[in-house]
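A.B. asks: Feature table excerpt (TrEMBL):
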DOMAIN    B:32-419  domain 'Major facilitator superfamily (MFS) profile'
TRANSMEM  B:165-185  transmembrane segment
TRANSMEM  B:191-211  transmembrane segment
TRANSMEM  B:244-263  transmembrane segment
TRANSMEM  B:275-292  transmembrane segment
TRANSMEM  B:304-326  transmembrane segment
TRANSMEM  B:332-353  transmembrane segment
TRANSMEM  B:374-391  transmembrane segment
TRANSMEM  B:397-414  transmembrane segment
Amino acid sequence: MTVRTRILILLSAVAALAAVGLASVLHASARADRRDRPQAGGPQVTSGTVSLTGHGRMVFRNMAWGPHRDELTSVPAAGPAGPRTASGVKCLRFYAASGTGVCLQAVHGPVSDTYRALLLDARLRTRHHYDVPGIPSRARVSPTGHFAAWTAFVGGDSYAGTNFSTRTAIVDTRTGVLIPTLEAFRIVRDGHPYRAADANFWGVTFAGDDRTFYATLATGGHTYLVRGDLRARTVTTLHANVECPSLSPDGTRVAYKKRVAGLSKDAPWRLYVLDLRTMHETPLAEPRSVDDQAVWKDPRTLVYALPGDYGADLYEIPANGSGHPHRISPAAVSPAYLP
Amino acid sequence: MYVADSRASARASADGAVRPEAGRRRAAIAPTVLALGTVSLVTDVSSEMVTAVLPLYLVTGLGLSPLGFGLLDGVYNGFSALVRLAGGHLADRGGGRHKWVAGLGYGVSALCKPLLLVAHSLTPIGLVLAADRTGKGLRTAPRDALISLSSTPEGRGRAFGVHRAMDTAGALFGPLVAFLILRATVDGYDAVFTVSFCVAVFGVLVLVLFVPGGRRQGGDGGGGERPTLRAAVGLLRRRDLSRITVCALLLGLATVSDSFVYLLLQRRLGVPDRWFALLPLGTAAAFLLLAVPLGRLADRVGRWAVFLGGHAALLLAYALLLTSWHGTPLPYVVLALHGGFYAATDGVLMAAASEGVPATLRSSGLAVVQTGQALARFACSLLFGAAWTVWGDRAALAGAVVALAVCAAFSLTLRPKGTVPA
C-alpha cells in the first residue's frame, strides 16, 4: 500500500468518524432542547415564591422537563402530585429544616464543573457557600436548622483509576464554621479507639439536640451505623451493615438501606428501620433496591426516591414494615417536609 | 531500522556507544515512534474522556453510588499485570507480531466504549472497564518493544521521551474534550462515549496504516530463534535485565501511589477542595514538559543515572511534604518534582531495559520489567495504606522516605554495568 493510499483511507475514515461523532453530539444537544420544553402529561410548573417556612409543604428538586428543570419547587405536602411552584434556584441535592436550607449545586466552568454547597435562608437567599470536593450525593440540615451536612464522591484521586471515596462535611450554620471532613473525628469501634486511612463517611442525619448525629462509616470493607458527637468530636459504631441512616422525628428509630446478602450486586439494598433502644431491625415492604437516604414525612411514613423516566420519582411507605410502596410524585428528588 | 537492531547493537551499547558520536547530526525521531506516539495520544484522548466523566455519569446520569467500584480495583491490578506478560510473550512469538498484538489491545479498548452506552449498572460497567484495562495491558509491552526496536540504541531515551510526552498530551486533552461535549449538550454522556469510540477507532487506524508490521530478520526459519516461554523466563537469568528488574521492583516498593501524594498535599498544605481535581493535571503537565529533555539527557549521561535522579526528585517531593514549610510555591514544587519523577523514569526505564534484551525477546523482556514494577507499586500502596492506618500519614510518609532512600542507595550499587555511569 502506498503512502498516498494509506492517507486516503485515513482521511475517508476520519470523515466518517467525524460525521458519527458530530451526529451524536448534535443528537444529544437536540435532546437538551427537548428537555427545556414541558412534556405532555407532566406536572404543571409555574414560577413563584418558595419559602422554607411554608407550613405543610414539601420542597424538592423538580426533574420534570421544561424551563424549571432542576429548580427547587414546592407543593402542598397533602397533594404532592399537584401543580408545582418553582423558585429559580437550581440544586442537585437539597434539604431544609427550620427555615435553613442546604443546596448542593454544580458550577459550570469553561472546561469542567465544580460543585458548591449553598446555605440558604428561609427566602432561599444564599448566606454562605462552600467548595464541595466532588460530586454531591447527600445533604441534611439538623431539626433546629443550626447544622448542615453534605457528602460528596471524590474521584480523581488516582490517575485513570476507578476508586472512589467520600468526603462528608458538617457546618455550623450560625457561625459558618466548617468541619471539612468527618475523618478528623476520633472513631470508637466496638469500644476501642480505631484509626484507618480507608475510613469513609456518608449520609449524616441529625438529632434535635444540636450535638448528636448519625452517619455511615465504611472501613475495611464493612459499613457501620455510627453515632457522632459534635462537641466531643467522636463517632461510635453502633450496628453493622447500615448505610444512609435517617433519624425519625422522635429520635428513636433509624431508617436505612441495608446490603442484603444474596441480592444482585447492582441492586443490593433494601430499606430497613432499626429501633435504637432494642436494636431490632424491621424490613420495609419495598421489594426494590433503594439507593437513597430516606426522609421521614411523619413518625409513621418514609419517603424516598427510585429511578424513574425523568431521573427519579418519589415513593412513600409505612415505617413499620406493613403496607405497600406507592408513588407520590413523578420527576422529583431530594424532598424536605416543612412541618 | 526496525529489523536492523539485534544483539549486535546491545553489544555495541555495552561498549559504551550510548554516547552519541561527536559532531554527528542527531538522528531524527523514527517515523514509527511518531506514529506510535500519535496512536497513544489519540487513544489517551479517548480513554481519558471516559475516565473524566465516569463518576459524574454514575452519580448524576445513572443515580448509582460509585463506591462499589473500588472493590474491583484490586482485581484489575493483578489481572492487568498478568495480561501484560501474556501480551509481551504473544508479541514475541512468531517474530514481529508486536503490531498485531498491540493493535488487538487498542481494538479491545476501542470496542469497550460503545459497550458503555448499553451498560447501565455497576457490574456490567465494571466488566467493560476490566476489558478496557485488558486491552491496555495487552498493548503496552508490544508497543514499547516497537518503540525500542525502531529507534537507534543511542536515541532510545529520546524516542521514549517523545512517545511519553505525546501520550501525556492526550491524557490532558481528553477531559477537556469530554467537558466541551457535556457543555454543548445536557447529560450528553452518550455523545461523550460515542465520540470517545470514534477517536479510539481513529487511533487503531493510525496504528494499522502507519506502523510498519515488521518481520524479524530471517523470519521464522531461525531454528531455535522462535522465542518460547522458556526463553522468556530465561531472560531473568541475564544479568543486566535481572538487575534492572530487581531495581525496578525495589524502587517500586517504595513508590507511594499518586493518590496518596495528592491526599498528603491536600491534608498537609490545605489545598482548597476545588483544586483537588487539578492536582493530577499538575503532575501530567510536568511529565509532558520534561519527558523529552530528560529522555535526551538519559541518552547523554546514562539512563540509569537519570532513572535514579528521577527517584531522587520523588524523594525530595516526599521530604518537602514532611517538612513544616507551608509556602505558596510548595504544591507547584511538589507536583513539578512528581511529574519530573515520571519523566525521568517511565520511558527511561524502558530505554534502559531495552539494552539488556535481545530483539527477539524485547517485548517479553519489557513486560517482565513493567509487571515487576507495577506489582511492586501495588504492594507499596497496600503497605502504605496499612502504615497510614497504624501510624498516621506523617509517620507512613517518613517510612516511605527511608525505604526509598535505602532502595535508591542499593540500586546505585546494583546498577547494570552496561550503562554509562554518570
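Our numbering is plain: 1 for the first residue shown, then up by one each step along the chain.
Cβ from N, Cα, C; glycine included.
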A.B. asks: Given a Cβ distance threshold of under 8 angstroms, which distant residues of the chain, six or more beyond its ends, lie next to the transmembrane segment (B:275-292)?
C.D. replies: 158, 161-162, 164-165, 168-169, 171-172, 258, 262, 265-266, 331-332, 335-340, 342-344, 346-347
A.B. asks: Are there 3 or more C-beta pairs under 8 Å linking the transmembrane segment (B:397-414) with the transmembrane segment (B:304-326), counting only pairs at least 6 apart in sequence?
C.D. replies: yes
A.B. asks: Out of B:165-185, B:244-263, B:332-353, B:374-391, B:397-414, which stretch has the largest tally of CB pairs under 8 angstroms to the transmembrane segment (B:191-211)?
C.D. replies: B:165-185
A.B. asks: Which stretch, B:165-185, B:332-353, B:374-391, tops the Cβ pairs under 8 Å count with the transmembrane segment (B:244-263)?
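C.D. replies: It is B:374-391 that shares the most Cβ pairs under 8 Å with the transmembrane segment (B:244-263).
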A.B. asks: In the same chain, which residue numbers or ranges, 6 or more beyond the ends of the transmembrane segment (B:165-185), come under 8 angstroms Cβ to Cβ?
C.D. replies: 37-38, 40-53, 56, 191-192, 195-196, 199, 281, 284-285, 287-289, 291-292
A.B. asks: Cβ under 8 Å, sequence separation of at least 6 from the ends of the transmembrane segment (B:397-414): give me the contacting residues as numbers and ranges.
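C.D. replies: Residues 243, 246-247, 250-251, 253-256, 264, 308, 311-312, 314-315, 318-319, 321-322, 380, 384, 387, 391.
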